Amino acid sequence: MSKRKVAIIGSGNIGTDLMIKILRHDQHLEMAVMVGIDPQSDGLARARRMGVATTHEGVIGLMNMPEFADIDIVFDATSAGAHVKNDAALREAKPDIRLIDLTPAAIGPYCVPVVNLEENVDQLNVNMVTCGGQATIPMVAAVSRVVRVHYAEIIASIASKSAGPGTRANIDEFTETTSRAIEVVGGAAKGKAIIVLNPAEPPLMMRDTVYVLSDEASQDDIEASINEMAEAVQAYVPGYRLKQRVQFEVIPQDKPVNLPGVGQFSGLKTAVWLEVEGAAHYLPAYAGNLDIMTSSALATAEKMAQSLARKAGEAA
């Protein structure tokens, strides 16, 4: 099977890490162009040193390059506002181009590979939610495939050092997009997301807490589903792990809790604690929040490339 050529828009932390992953390991993708807006950026400099074509003129620069004619898939690691413009420009120039959105813009459907990649592999634009979403939504989905979930709340704690300008500029979009994806992909009736930028030195790894309120069900079945889901995520994010055993608490009918926007609740509370260690391809190991985004986007692009090859009649 021939490799599908890809471009990355955004030469910051996420874009650069993604480029290195593709260059080092990928079997189905060929890194063709790195796109930025700062000619002095480290990402563009690294791309040039690694033999990748570059432009510092943004999406317009990409479309003016001869390499653009052969690009099948574009990763966008800019910002939510920029992605809307990038999608419109690329779609006008090449209607069938595939975009993998690593911003909270969410023009296309949310994609969490271990939960719903197969049903979205032929979409022209997919959104990778957020780092917190990629880490925690699989856990919500693991519960919701066993029992009805009324409410899910996630707290994503990431090292402040790992949060670049793009992350900081999109905090509101982070919470909104993640909350919505907890419902749409995770299967919760109501979702809530909180992000914490941890200033600790030395920087700590990404930690995530997931609280799920559901109807009562077999705790063994729920725990087994969660463990199975965690193993599935580890297939493309090796540093993803449960920090401790799943904890349960039964909330009795005569002592319900009040959930804003939901009302009174009684049933089962499931608590999951996660840790995500980065692969340290470009970023430090503590930046698991960025690694899970690039790894999830890469897993999505690989499936897209295989789907495109099948449609073209190529052997896998």
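The backbone N, Cα and C atoms fix where each Cβ goes, glycine too.
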Swiss-Prot annotation, NAD(+) site containing SER11, GLY12, ASN13, ILE14, SER162, ALA163, GLY164, PRO165, GLY166, THR167, ARG168, ALA169, ASN170 - matching residue among ASN258, ASN289: ASN289
Same-chain residues at least 6 apart in sequence whose Cβ lies under 8 Å from ARG168 (NAD(+) binding site): LEU197
Neighbourhood of GLY166 (NAD(+) binding site) by C-beta distance under 8 A, where only residues 6 or more apart in the same chain count: GLY10, GLY12, ILE14, ALA77, THR78, SER79, THR103
Site with most surrounding Cβ atoms, counting all protein chains shown within 10 Å, from the binding-site residues SER11, ASN13, SER162, ASN170: SER11
Lowest local Cβ density (other Cβ within 10 Å) among recorded positions: CYS131, GLY164: GLY164
